[in-house]
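Worksheet: the structure to be examined is printed underneath.
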């Protein structure tokens, strides 16, 4: 397309929830409540694991790192969503849009890698229990966590670089609840086949590879659990994986359908529903999954509350 007579777009309008105009204030209050509970829940888990020496184990090291990443993951999108619900001018600058995409995807990739590391940790604990203390050392845990963060932060660089070079000279209304690759690419006034292909390849490799590694770990875990003679032993082994597996199914169940697809057209309602699941509901549910189903974390919370005098 000839863009010579068009002016470059400098800001976008995020449509958000166009079908819910009459209940914006109620949606704002609900989303604010969810966000506050998400922040408080993840912050509580992070602090409790850091402060309680009984939780200084590889599994809880990864849990606390995941909770910390969730704080940034939600901060990348939800505050702007809240502001747009109350504002008539639902705009975001071009650079701000790219930054939102970068942090959302980099922290999302970090979560993928951390969930994979947690699956590997459970594999070693259940399938190789005698070697677990020597294999999963504190130094290795720290190295894995750093690797997850570095890999996540480097992940979207190529995609961001490509999209920043596209001309945006026509429509600037993003049909989504926040800036993301698919809806922004649909606004470019040039062919974006290369961008769509690169986006598909990178997301497929990143998401499918980590999901398959998690799946392989759990196949080995299930085979080992089935060989445990006692029912009590089986229940104990399964209980250590239940929380992690629940988070994996919720998180990957939504992002697989959202990002591992090769097409240019996107359904507004379909994408918004998925976006709410993986950007809002999953981080909201994680603290409850890891605390309500975990006796050690609940006891650690009680100990810390007693220590500061809140509980007798």
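Placement of Cβ uses the backbone N, Cα and C atoms for every residue, glycine included.
Database features, via TrEMBL:
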type     : residues : note
TRANSMEM : 25-51    : transmembrane segment
DOMAIN   : 41-290   : domain 'G-protein coupled receptors family 1 profile'
TRANSMEM : 58-78    : transmembrane segment
TRANSMEM : 98-120   : transmembrane segment
TRANSMEM : 132-152  : transmembrane segment
TRANSMEM : 207-226  : transmembrane segment
TRANSMEM : 238-260  : transmembrane segment
TRANSMEM : 272-292  : transmembrane segment
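Away from its own ends, the transmembrane segment (238-260) comes close to residues 59, 108, 111, 115, 118-119, 122, 125-126, 199-200, 203-204, 207-208, 211, 214, 218, 221, 225, 271, 274-275, 277-278, 281-282, 285-286, 289-290, 293-294 of its chain (Cβ-Cβ under 8 Å, at least six residues beyond either end).
Contact between the transmembrane segment (58-78) and the transmembrane segment (207-226) does not hold: fewer than three of their C-beta pairs are under 8 Å, each pair 6 or more apart in sequence. On the 0 to 100 pLDDT scale, the model's mean across the domain 'G-protein coupled receptors family 1 profile' (41-290) is 87.
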